[in-house]
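Listed features, source Swiss-Prot:
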REPEAT    50-89  repeat 'WD 1'
REPEAT    91-130  repeat 'WD 2'
REPEAT    133-173  repeat 'WD 3'
REPEAT    176-216  repeat 'WD 4'
REPEAT    220-258  repeat 'WD 5'
REPEAT    262-304  repeat 'WD 6'
REPEAT    320-363  repeat 'WD 7'
MOTIF     392-399  motif 'Nuclear localization signal'
Amino acid sequence: MEEELRVRLNDHQVSKVFPVKPKSTAKPVSESETPESRYWSSFKNHSTPNLVSSVAALAFSPVHPHSLAVAHSATVSLFSSQSLSSSRRFSFRDVVSSVCFRSDGALFAACDLSGVVQVFDIKERMALRTLRSHSAPARFVKYPVQDKLHLVSGGDDGVVKYWDVAGATVISDLLGHKDYVRCGDCSPVNDSMLVTGSYDHTVKVWDARVHTSNWIAEINHGLPVEDVVYLPSGGLIATAGGNSVKVWDLIGGGKMVCSMESHNKTVTSLRVARMESAESRLVSVALDGYMKVFDYGRAKVTYSMRFPAPLMSLGLSPDGSTRVIGGSNGMVFAGKKKVRDVVGGQKKSLNLWSLISDVDESRRRALRPTYFRYFQRGQSEKPSKDDYLVKEKKGLKLTRHDKLLKKFRHKEALVSVLEEKKPANVVAVMEELVARRKLMKCVSNMEEGELGMLLGFLQRYCTVQRYSGLLMGLTKKVLETRAEDIKGKNEFKGLLRNLKREVNQEIRIQQSLLEIQGVIAPLMRIAGRS
């Protein structure tokens, strides 16, 4: 009995230490909905007509109502961003590869595989400018963010061209890429800065103000670069090549900040999206059919969405209300944010009183100058996000000699500026008179007192380095043309004596400098040989 009790006791202890559990079954994974996923899920799909061929490029107008330009085959179609219906079509001779809007939304530029860049008015079908210089297919075209007069384009000839649109001429050819140039972008903070990406695996940073082929910085992505975009700060850029997206710090010397390799196939397009929280996200699409949202501040993919076709292009409206993605089979996947029923945190209530107030508002008589409310209109109006700030032009205050020049009273303008005794202004007026070919005529018409002021000015400043290039030649001309008036006048003797002394002193200084140069030059040559 004792042994049987001991065995039962041991069995009881074992059952407590190792309790029997039912087999666990797989449960559906329920991800908690984040504000990020709620934001991107709020885009409601809209049906758009399928296009004939691959959608090569998408671009939204930067101004309200943010028209959409879609490049497909040899056509650019304009769509309304509100109804997503086609409003106008523009035809090209070859397949369109890129399209972009000007900062005011009045014009757009597009390039095709024939190497031609064309500029259109959105209300006209005829091209305003046709820019021909690329010797191979043109792959991208961009307007600077605020510059309305220039364009940047690049193509398979490996050349980046900076255009003067008004003159339809190339200002500078930026040479440096060793393979096809496929993408580029302009800085959001400096209209002269731009970046370009190439199939030679590099991204180059250029300054359009320097009319040479020397780039400012070079970044090696490691794979053929398909797209490059500036991030809103202007100090960071994002590059897409292969299945990776990388963020680089230009201010920090081109150092890589982070890398994302969540796509399975080549990334084809990048865009920057502005969230409701005023934060920015990097959005990418790829041939694997996925759209990825990347928080580059935390180096984390925050949202992913699958589409039933390889994706070629991406467009996001500036107001964040529309998202458009172009597929390789001509499909356009458009999404618009759902209209919320909540305004200011409270739901709209459709009661009888609101309906009556709406009717009363519609029946109110038009305001006229005879009504008191006419003079109070707009006082309580608050600015909206789509309003334009128009700066009042400040009136330019002209000096007396500027006013005289506007009236073509040349001699009076010269005498007036001589009386001010400001050498920089005097030389500026003289240069203007030289451009008008009136300087010597003014000198020949001067009275004795006015001629004395001119000689006094020449005596004091003709040897000053900043002004000597103009004043030395003018002094010689004045002495030759007014020699008879100067010789017999006692009041001019002192001025001529001082002028002669200044010129002789300048000659001695020049001779001394030449002697010093003669001594130093052989020593420099000897030092260079050793």
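Every residue, even glycine, has its Cβ placed from backbone N, Cα and C.
With a cut-off of 8 Å between Cβ atoms, the residues of this chain six or more beyond the repeat 'WD 5' (220-258) that come close are 179, 182-190, 193, 195-203, 205, 264-272, 280, 282, 284, 286, 292, 294, 296, 299. Residues 53, 56-63, 67, 69-76, 78, 136-148, 151, 153, 155, 157, 163, 165-166, 168 of the same chain, all 6+ positions outside the repeat 'WD 2' (91-130), place their C-beta atoms under 8 angstroms from a C-beta of that stretch. When averaged over the motif 'Nuclear localization signal' (392-399), pLDDT in the model lands at 79. Secondary structure by DSSP for the repeat 'WD 2' (91-130): 0 helix, 23 strand, 17 coil. As a summary of secondary structure, the repeat 'WD 4' (176-216) carries 0 helix, 18 strand, 23 coil according to DSSP.
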